[in-house]
Amino acid sequence: MNILTDSERLAELDAEQLHRLVGLVEHDDARDPFPVTGWDAVVWAVGNATQAALVFQAVYGMELIAYSGPETGNRDHQAYVLRSGAVRFELRGAVDPDSPVADHHRAHGDGVVDIALEVPDVDRCIAHARAQGATVLVEPHDESDEHGTLRSAAIATYGETRHTLVDRSRYTGPYRPGYVARSSTVVRPEAAPVRLFQALDHVVGNVELGRMDEWVDFYHRIMGFSNMAEFVGDDIATEYSALMSKVVASGNHRVKFPLNEPSPGRRKSQIDEFLEFHRGPGAQHLALATGDILTTVDVLRARGVQFLETPAAYYEDPELRARIGEVRVPVSELQSRGILVDRDEDGYLLQIFTKPLGDRPTVFFEFIERHGSLGFGKGNFKALFEAIEREQERRGNV
Ligand SMILES: [Fe+2]
């Protein structure tokens, strides 16, 4: 059983820290038809990867580790590989105007093209996925360079998103064959924390109206994932907006995919807005785990990151005060930063959401600090909806 991925080992995370950060559980790979070790990388297509890579370094404190582009023989696009703890992002921007990266960007805007997963056995996963009816986009194959051999394949998921499956067990290079090691030119300010987030907690997918259960079934059937307890139905809705949400997770709970579909409301919901501007299903938000959300928010805010505002009423609501109980800091510390709290039978979590990262009202980040809770902030959905709707109203998309 593989407890840690290479990137987690590199980030000097241990199983105990991961348990605390992302709610990792024990799991027996041998009985799993599609064992998943953990996240490999999130691949983005953006309008300008050169600039985006600078922002991810200078603002989000990520470290540049690898590069591919014309200088390395890739005439199609540039790709910058960035790391923060165990989180790995690859940012792709088209060099050739006819690049598929440009097509993806034209259709969907800045966003996620690939949620790559590390697996111990690519062929076993693909054989199972194919037998269950998955669309295999890339057949299992080896790529080699002086650092060894990397085996991978890819299957299609919602929209134009894919899951590349990667076996790194015979590869020691910085990322993949075809990429060269590259280090940051951005200098971290002396007093700044080494990193602002350590691990990827979950990636949320927005899918079409009425198709959430199909995608839940996809993750059950194709990838052997199981449902986590959290379920959001019509009951959680504001006057205007509603969504339906279920969560599927890999056996070890390292990889968690909440899936949302819109639920008809009086006005256009945030999921409808996403689907309209993203031109179809896609990754809505990535939750980044931090051990100190207060510092993360303070640093990011000072660097210009904008977060969703939380109404003062949220913190003053006696029901909320009673529901959240004791947390590690006074509620005033959370209120001054707009950090949300949710509690369940296992503990609590602190979370906050950024505004959309790109020009379209689509993908955004969540920062999450878990204290035992394995949830996703269900209790905050209503407060969050109301905050998002205020933003939607400002954009004129209601
Ligand atoms: Fe989330």
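Cβ atoms are placed via backbone N, Cα and C, with glycine included.
Taken straight from TrEMBL:
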| type | residues | note |
| --- | --- | --- |
| DOMAIN | 38-168 | domain 'VOC' |
| DOMAIN | 199-355 | domain 'VOC' |
| BINDING | H202, H285, E366 | Fe cation binding site |
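Residue counts for the domain 'VOC' (38-168) under DSSP, split into helix (H, G, I), strand (E, B) and coil, are 32 helix, 63 strand, 36 coil. Within 10 Å of the C-beta atom of H285 (Fe cation binding site) sit 23 other C-beta atoms, taking all shown protein chains into account. Residues D201, V203, V204, P258, Q284, L286, A287, L288, F353, F365, I368, F376 surround the recorded Fe cation site, their Cβ atoms falling within 8 Å of the Cβ centroid of H202, H285, E366, which are themselves excluded. Residues belonging to the domain 'VOC' (38-168) score a mean pLDDT of 97 in the model. There are 22 other Cβ atoms within 10 Å of the Cβ belonging to E366 (Fe cation binding site). The 10 Å shell around the Cβ of H202 (Fe cation binding site) contains 24 further Cβ atoms across the protein chains shown.
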